[in-house]
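For 1-35, the entry in TrEMBL reads region 'Disordered'. The transmembrane segment annotation in TrEMBL covers 44-70, 142-164, 176-198, 241-260, 328-349. Look at TrEMBL and you will find 134-198, 245-287 tagged as domain 'Potassium channel'.
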Amino acid sequence: MPSKFQRKSSPAAGGGGVAVGGASSVSSTPSNQPRKRVKRCCRNFVTFMCTQVGVGALIVFYAICGAFAFMHIERQFVDETAGHVIELRQNCSQQLWSITEQHNIVDRLRWTEATNAVLRDYQIKIAGVVKHGYVGRSPEQIWSFPAALMFCLSVITMIGYGNMVPRTPWGKGLTVIYATFGIPLYILYFLSMGRVLARSFKFLYRSMHDCTQEHPGLDRLDALEGGVNLPRKKVIVPSTACLWVIFFYVLTGTVMFANWEKWSFLNSFYFCMTSLCKIGFGDFVPGASLTTAADVNAATHKLQEDIGADPDELAQLQSVAADQHSKLAINFVYMLLGMGLVAMCRNLMREEVRMKMREMREDAKLCMEDTRLRFVGCCGNPREAYENDYY
């Protein structure tokens, strides 16, 4: 029974209500479309960044941004040890001159003893300055873009060459934050790139293995025509193939670094092995001997002050500096790809080790069963002998 307080709705009012509801739904739909589009773009971006290409691009972008950040911070460091070294050198030369004036006689023994004492004291002081971080170059020359990029790569890959260290408090704090986010990113790259390269190399090895067999495709085709579904034989990549891949890759890096860095072949091979094994002693680092913009500016300033300076030297430095950008990119890609190959060999060799362990476990079971049967055959069943004696 309808209440008397209930208001009757007219058809016009009902139609108006539907119209208002439709208008509200239509008006809300365009406002939600940009939000859905942004969500879809964010979802696609995150999906792409989780792929192998996205992780690799993110590693490169992260390293380049870190290189520019460390260059901007560490070039502001005021190196006071350079002035101290100049003062030590001047004092040493003044003392040597004073000794020469004092012993201005034909007494070579006394002059040699006095100068050796001065030079020994100078050597001890210089060793102490070097221990505190003096390398004989300005911060602009030390923190060039190639060197800063290799520093960032050594941080996120946990190699830690140690030839370059941040000197400013901001640089040390940035290193901690940079490593905190960079190391998990590198581990993700290491695992994903290892899976991709292992799958690709396994496919290549399986294809080459099938080509060496005598008509494997024809036998499989005949079996399919006869209604028999033959399972495909599982091919395991041997460890020797992985070791040969790593050897040829290290050999390529040896020739490349020996040509570009002017190292000997032994030093280049030593650097490639210690870097790919993440030892990173830091005595050989690519990019440390590259010509930087600070070197070009110093040569330009010297040419402006010294009239007798050779202008061809400045032109040669400029051409070398322009040619080193491509070398820098190749060095960076070589290190990243080398880490991926190490991850690939790890995955492939782990699969072979698992198969060998499974075979050893099965062989051990067969051996134990054979031993048990032989023991029972020779000595009989001890339980049956006990039951016969009892009854």
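Glycine is no exception: its Cβ is also placed from the backbone N, Cα and C atoms.
Remote same-chain partners of the transmembrane segment (328-349), defined as residues 6 or more beyond its termini with a Cβ less than 8 Å from a stretch Cβ, comprise 56, 59-60, 63, 145-146, 149-150, 153, 157, 186, 189-191, 193-195, 197-198, 201-202, 237, 239, 241-243, 245-246, 249, 253, 256-257, 260, 272, 275-276, 286-287, 290.
Residue counts for the domain 'Potassium channel' (245-287) under DSSP (helix as H, G, I; strand as E, B; rest coil) come to 28 helix, 0 strand, 15 coil. Counting only same-chain residues 6+ beyond the ends of the domain 'Potassium channel' (245-287), those with a CB under 8 A from a CB of the stretch are 144, 146-147, 149-150, 154, 157-164, 201, 327-328, 330-331, 334-335, 338-339, 341-342, 344-345. Sorting each residue of the domain 'Potassium channel' (134-198) by its DSSP state yields 46 helix, 0 strand, 19 coil.
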